[in-house]
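Worksheet: one structure, shown below.
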Amino acid sequence: MPKLKLISRLLAPMALLALAACQTPPTTPGTSAPADGTAPATTPASPSDATQAPEAQMAAPLLVFLADTQPHADWAEVQIDASNVLYLEPEAFLTRNDLDTVEAGTSETGEGLLALTLNSAAAERLTRLTQQNPNKRLALVVDGTLLAIPGYSEPITEGRLIFMVGSRENAMMAARIIAGEDAQ
């Protein structure tokens, strides 16, 4: 398990770079627009369109996908680096609509943390998904950028997800984007 944590921490920044470099703009004009404003560290999540077209889906403020390091039929392949590949289920199972709150903070070691508190329906969906798909990963995508890909070994039964996202600044920026506010 410690090796898996180390690999996850090393691959997350590379995944960010890989996804940032291969982003494709939406083919339909007006499918994504920058947000503006500022936010405190804890911000209520605002609703977004849950039925987005596939090309606009990656530009959504928040998406969480089921992911794995092993190939699955119909899952999208994401090349992390020259020797590492991640496979994502084609449809996100969590979006900004599924949140009650989003919070940014830091761990005791200074690692940036992004905490997502889910509404009851989303919490039930997460529990069911992680029970039915043991030993997989959750891919956190914020504004089209893969920020974290933590693994889980047991069903997630709490209505809250906490992702390590690098720095405190990364966590603050991600929280603002998810809340629909300017990250700059």
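Each Cβ is built from the backbone N, Cα and C atoms, and glycine gets one as well.
Note that the structure is a prediction, hence the values are computed from the model and not measured.
Taken from TrEMBL, the feature domain 'SecDF P1 head subdomain' covers 83-161. When pLDDT values are averaged over the domain 'SecDF P1 head subdomain' (83-161), the model yields 97.
The region 'Disordered' feature in TrEMBL is assigned to 24-53.
Per TrEMBL, signal peptide is recorded for 1-20.
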Composition by DSSP (helix, strand, coil) of residues within the domain 'SecDF P1 head subdomain' (83-161): 16 helix, 34 strand, 29 coil
